Amino acid sequence: MSIATTFGTANTSGTIKAMLLGCGELGKEVAIELQRYGIEVIGVDRYPNAPAMQIAHRFHVINMLDAKALKAVIELEKPDLVIPEIEAIATQTLVELEQQGLHVVPTANAAKLTMDREGIRRLAAETLAIPTSKYFFCDTLAEFEQAVTDIGIPCVVKPVMSSSGKGQSVIKSTQTIQQAWAYAQEGGRAGKGRVIVEAFIPFDYEITLLTISAVNGIHFCDPIGHRQEDGDYRESWQPQSMSAEVLHKAQAMSQRVVEALGGYGLFGVELFIRGDEVYFSEVSPRPHDTGLVTLISQDLSEFALHVRAILGLPISNIVQHGPSASAVILAEGTSTNIRYQGMAAALAPADTQLRLFGKPDIDGRRRLGVALARDNSVEQAVEKAKTVASHIKVLF
C-alpha cells in the first residue's frame, strides 16, 4: 500500500480524499478524526442526512450493494482512500477496483471476507485452525432444521450478513426452530438468504480486543467487556479483568486473524472466554460499537487509532485512563424530528461524557447515542454510565 508523506488541505488540489462507505455513528467519529489531519471526507450511505454526512465535506446517497452505483461514485470522486464502515457493500467491486490501483482500507479482501460471517468463519476455523464454536451454514429451512439437530439445543442463529443484532436469536427449544429461521430471514442486511447455526458456548465472558495493524507493528488496546441483549450491545467497559495467560492467548489469536486479513487499520476482534480457553467469534476490519468506550477510556480512541493506522502514521503508545464504561441510549418510536432533554442532569456527575449520534429518524428501536463514564471500578463506571443514559429523554 502507498503511504502518504505529504498532507494537504481539504478542498484544495493537494488534499488527500477519503471516501466513507457507511455514515453511521462509527463513521462519524472516523470522519472527525480524518478531518483533524486535513483529509477531505466524502460520505456515502443508503439514506440522506446520516450522522457522518452531517460533517463530511460532501456526500452521496446510493445503494452500496449496487455494484454499478458503487463503481460510479468511486470513479466520480477518485478518492485516495476508500474506508468501508459497514458490511452491506458490493465488496467484489472493491476487489476489482483495488486491482486497478484503488486503496481500500484495510484491504478489499478483508472487506469481502468480513462482509458476511461465512468468509471470516471459514478463514479462522478452516484456514487458520483457530478454535471456534461448531457451526453449519444453511440456505433452506430443511438444511436449517438438520443443522439444529446436528448441533443440538441450545444453539445460536444469525443471518450471514447482518449488524446490530438484527435477525439473531438463541434456540432454546424445538418449538422455536421455525420462528428463529423466519426471524433470521427478516434480519439480513441483503434480504433473505443464508444463515449460520452455531453451537452455544457457555462462556464466562466475551471481549472485544481492539487490534491495530500499523506501520510500526501490531498494537492492542486493553480488553473490552460487554453485555449483549437481543444480539446488540447495551454496555461495554474497559479494562475487562482477565489473567495474563488468557490475555496473551487472546492477543496471539487476534494477531493471527489480523495479519491474515492484511492491511493497516484497527480491527475489532470478538472472542469468547471460558476458563483458560479462548474461542474466536467474529472480527470487523474497522472500529467496533463496543469500542465507543474508548472515547473516554483512552487518550487515543479506537477511531483516532484507526485513522492513524490507515494514514500510515506510527502508534507509539496507548494510554488507558482507568475503569471506564459506555451505556447506549436506546429509543423506540416513530419520528423524523428527534429531540432530546435531560442533558444537564446527565452531565452533572464528574467524569462523564455524552455523544448524540444525530440519527435523522426512527421507526422502531434505534440506538441514538451513548453515555460515557469513568469511576474507581468498572462496576461503578458501568452504573454511572447507565445513570447518565437514563437521564436522556427522547422526544418524538
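Cβ from N, Cα, C; glycine included.
According to its DSSP assignment, Asp289 (N(1)-(5-phospho-beta-D-ribosyl)glycinamide binding site) is helical. Per Swiss-Prot, N(1)-(5-phospho-beta-D-ribosyl)glycinamide binding site is recorded for Glu25, Leu26, Glu85, Asp289, Lys359, Arg366, Arg367, and the stated evidence type is sequence analysis.
In three-state terms derived from DSSP, Glu206 (ATP binding site) belongs to an extended strand segment. Taking Cβ-Cβ distances under 8 Å and a sequence gap of 6 or more within the same chain, the neighbours of Glu206 (ATP binding site) are Gly225, His226, Gln228, Glu270, Leu271, Phe272, Ile273, Ser281. Sequence annotations record features per position, and here Swiss-Prot assigns ATP binding site to Arg117, Lys158, Ser163, Ser164, Gly165, Lys166, Gly167, Gln168, Glu198, Ala199, Phe200, Ile201, Glu206 based on sequence analysis.
If you look up Swiss-Prot, you'll see Glu270, Glu282 marked as Mg(2+) binding site. Note on Glu270 (Mg(2+) binding site): other Cβ atoms within 10 Å of its Cβ, all shown chains, come to 19.
Swiss-Prot lists 122-311 with the feature domain 'ATP-grasp', giving sequence analysis as the kind of evidence.
Applying an 8 A CB threshold to same-chain residues 6+ apart, the list for Arg117 (ATP binding site) reads Lys158, Val160, Met161, Ile196, Glu282.
Cβ neighbours of Glu198 (ATP binding site) (same chain, under 8 Å, six or more residues apart in sequence): Ser133, Lys134, Tyr135, Ile151, Cys155, Val156, Val157, Lys158. With all protein chains in the displayed structure included, the most crowded Cβ environment within 10 Å among the binding-site residues Glu25, Glu85, Glu282, Asp289 is that of Glu85. Separation of the C-alpha atoms of Glu85 (N(1)-(5-phospho-beta-D-ribosyl)glycinamide binding site) and Gly167 (ATP binding site): 20 Å, rounded to the nearest whole number.
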